[in-house]
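As recorded in Swiss-Prot:
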- E21: active site, proton donor (ACT_SITE)
- K81, V101, S132, Q133, D134: substrate binding site (BINDING)
- D130: Mn(2+) binding site (BINDING)
- K151: active site, nucleophile (ACT_SITE)
Amino acid sequence: MIISEKVKKALEDGIPVIALESTVIAHGLPYPHNVETAKMLEEMALENGVVPATIGILKGEIIVGMSQEQINEMLADEPLKIGTREIPYAVGMKKSAATTVSATMRIAKIAGIDVFATGGIGGVHIGDWDVSQDITEMAKSDVIVVSAGCKSILDVKKTIEFLETFQVTVVGYKTNKFPIFYEGLSDFNLEHRVDSPEDIAKIFRAKKSLGIEGALLVANPIPQEFVISEQEVDGYMKQALSECFEKGITGKAVTPYLLSRIAQLSNGKTLTSNIELLKNNVLLACQIAKSLKTMA
């Protein structure tokens with residue numbers, strides 16, 4: 001594993017660090033929005049006094065704190081999309097790979113990074129037993145995951161049930177409802193709500209001090225002005241899902257296909273919302289990372 005000098009120095013000097021995934025760059029957003037957004041999110045973190053650490057794998061080397069040149073090289077290498085279980089394959093076979101939520105969490109934990117910002121977590125897909133590694137990894141890795149809930153292409157109720165089954169601590173940030181990506185808030189209640197980054201830091205500290213393993217999932221809704229109605233998203237979703245099944249797309253290829261197709265069908269509306277919720281999550285992650293340091 002290679003930890004960049006900037007990230008290594010920040011960790012040694014007690015400067016707040018947040019992890020960022022590379023899948024959003026390689027498979028989550030179309031070019032050139034992917035590269036532009038990745039750069040913008042890193043700049044946001046730096047402006048808030050936090051060092052960003054984009055995580056990915058380049059020709060078999062795990063890199064924590066990818067440079068722009070390394071990101072470009074990874075993209076040019078047609079990277080795999082990997083979860084935790086595929087990390088050994090990518091490393092052993094010297095492949096380039098973009099890390100999903102699960103893989104990014106595991107690598108962040110190994111590197112000593114406590115906070116990770118993403119768009120939305122994976123979960124239980126509609127109509128079958130396709131369950132994301134994100135959930136099982138959250139049962140193991142002691143990392144704060146800031147996300148806009150789960151993606152609306154999933155079975156939200158079953159995803160919430162699986163999070164409970166795997167004993168993942170979930171808190172809503174300034175909300176009592178579980179958020180669902182572009183659509184804002186779902187109808188599903190959350191048991192626990194917090195209203196400050198400091199409270200999130202307190203919960204995480206308590207979790208670690210008690211030796212209770214696993215992530216703290218912070219459900220942070222998309223800002224209201226960028227919410228897209230359930231009815232509108234459902235229309236795009238039904239068409240995209242139908243095309244997905246017709247094309248025989250399965251597994252990890254499903255989510256990037258659906259997100260890309262829905263962006264096309266919405267004339268870029270979902271793309272704008274996706275970028276805004278990422279910015280919102282990075283900002284909160286920065287506040288949490290700083291709160292953890294002031295408590296230390």
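Keep in mind that glycine also has a Cβ here, set from the backbone N, Cα and C atoms.
Feature annotations (Swiss-Prot) mapped to structure.
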residue : record                    : contacts (Cβ under 8 Å, 6+ apart)
E21     : active site, proton donor : T54, I55, A98, T99, T100, V101, A103, T104, F116, T118
K81     : substrate binding site    : T23, A26, H27, A97, A98, T100, K252, A253, P256
D130    : Mn(2+) binding site       : V124, T250, G251, V254
S132    : substrate binding site    : G83, V101, S102, I121, G122, G123, V124, H125
Q133    : substrate binding site    : G83, T84, R85, T100, S102, G122
D134    : substrate binding site    : G83, T100, V101, S102, M105, I121, G122, G123
K151    : active site, nucleophile  : G119, G120, I121, G122, G123, I180, F181, T255, L259
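What surrounds the substrate site, by Cβ distance within 8 Å of the Cβ centroid and not counting K81, V101, S132, Q133, D134, is the set G83, T100, S102, A103, I121, G122, E137, K252 from the same chain. Those residues noted as binding substrate (K81, V101, S132, Q133, D134) have their most widely separated CA atoms at a distance of 13 Å.
In the three-state DSSP scheme, the residue listed as 'active site, nucleophile' is classed as coil. Reduced to three states, the DSSP call for the residue listed as 'active site, proton donor' is coil.
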